[in-house]
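Noted in Swiss-Prot for the protein shown:
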type	residues	note
DOMAIN	31-149	domain 'MTTase N-terminal'
BINDING	Cys40, Cys76, Cys110	[4Fe-4S] cluster 1 binding site
DOMAIN	172-402	domain 'Radical SAM core'
BINDING	Cys186, Cys190, Cys193	[4Fe-4S] cluster 2 binding site
DOMAIN	405-468	domain 'TRAM'
Amino acid sequence: MPTNIYVTEEELKKQEKIMKEIAEENKGKNLYYHIETYGCQMNVHDSEKLAGMLEKMGYKYTENLEQADVLLFNTCAVREHAEIRVLGRVSQMKELKARNPNLIIGVSGCMMQEKNVVEAIKEKYSYIDIVFGTHNIYKFPQLLWEALNSQDIVIDIIEDTKNVIEELPVKRDSNLKAWVNIIYGCNNFCTYCIVPYTRGREKSRKPEDIIAEVKELAQKGYKEITLLGQNVNSYGKDLDEDITFAKLLYKLNDIEGIERIRFMTSHPKDISDELIYAMRDLDKVCEHLHLPVQAGSNKILKKMNRKYTKEHYLEIIDKVRSNIPDIAITTDIIVGFPGETEEDFLETLDLVERVRFDAAYTFIYSKRAGTVAANMPDQVDDAVKHERLERLIELQNKISLEKSAELRGKIVEVLIEGISKRDSNKLTSRTRTNKVVHFVGDESLIGKLANVKITETKAWTMQGELVEVIR
């Protein structure tokens, strides 16, 4: 596997040329693609880039796998369960390939950065045509061209790139809300996490490139952006200029047309007063902070290499809430980390009780090959993990329900996102605190900001009545 490479302008022009050649070859043909995405929002945005390139090469999107001429699986390696799901899904494609030998099947993403997975693909999935990772999406046109002109599997994996690749075509899933990468990779090396190995070291985009992208989105009518990074708080540390994440937020807040700014994910050790004050003072930055705590025991946090304590985390929460009283705070929590005792788990429950998160994404610890935690002693029994997860979910569901109930009877600002999937007579909208509200309204309101009165509440979704359209 090649190490870090610098992607030149000439290389990107080569890919552009190949895209044009494939598009010319595909003229007049009804060719289709389908992409299945697993994992985080970074993967979702990567899939949008792959879709953008495929559309530029003359392919149209289809939900029907039988109709597809190119089928891509963009994979996630964070948890073993996700890998099992992906490989199970890929194995189902053998019959489809037998019925349609000209179908190009590609597997990409974080799983492909693992050598053992690539070897398994070569040995057990001979009908796969293309294998590539997270760092060379820009090279997809060439890989597709090679697969179209060869009977051999095309494998292209690199460890990392030294530079950020800009200006790839993007086909976004929404014409209202957009993902915007600001930093790639991670330098934190939490002992349970494979991301630094699959996504590489931190690389920040230049602020002028981010600003240009957001201005273009505003001109196209996008109302909300979500800034993405494994740790957005690290933004700018690797750049030779005076820029921080908070300073970037100030620049983006000034862009006309954008109504809302969100971001994820933040690392507690890097939350600064500057960022808290920016969230408080900037009118477009939404009152929602996703701040993964992972555990409530200092012993476990140290074993995880999280670089903060329970007490430090609680201090951050107090400071955030004292400056932004109505903020919604969500988190990630892992149960069953190696060495976690009942006492350690009770510390986590205590933290959940004290913080009262609006929601928590809860996970059972999953051993990932190549991480420090995979070789730790005192692995927790599966039955104990599941029992602890159930207790944690029960507590958090109760808190989420109580937090949502606090909004009953109140009027809140929402961005109207579309028609409800469950009731075509209703619209789906989202509060600044990232809670979903359904209410009766005309589809002409989609894309508007409105005030809605909350009438019914569940843990994370609500019913409301339209009060007024803001703009």
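Using N, Cα and C of the backbone, Cβ positions are placed for all residues, glycine too.
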Q | Entry from the binding-site residues list Cys40, Cys76, Cys110, Cys190, Cys193 having the most other CB atoms no farther than 10 A | A | Cys110
Q: Measuring Cα to Cα, tell me the gap between Cys190 ([4Fe-4S] cluster 2 binding site) and Cys110 ([4Fe-4S] cluster 1 binding site) in whole angstrom.
A: 17
(Q) When secondary structure is assigned with DSSP, how many helix, strand and coil residues does the domain 'MTTase N-terminal' (31-149) contain? (A) 64 helix, 25 strand, 30 coil
Q.
Beyond the listed site residues Cys186, Cys190, Cys193, identify every same-chain residue whose Cβ lies within 8 Å of the center of their Cβ atoms for the [4Fe-4S] cluster 2 site.
A. Asn188, Phe189, Tyr192, Ile194, Val195, Pro196, Gln230
Q | Nonlocal residues around Cys186 ([4Fe-4S] cluster 2 binding site), in sequence order (Cβ under 8 Å, 6 or more apart) | A | Cys193, Val195, Pro196, Arg199, Arg201, Glu202, Gln230, Asn231
(Q) Can you give me the residues near the recorded [4Fe-4S] cluster 1 site, meaning same chain, not Cys40, Cys76, Cys110 themselves, Cβ no more than 8 Å from the center of the site's Cβ atoms? (A) Tyr38, Gly39, Met42, Asn43, Thr75, Ala77, Val78, Ala82, Gly109, Val195, Thr198
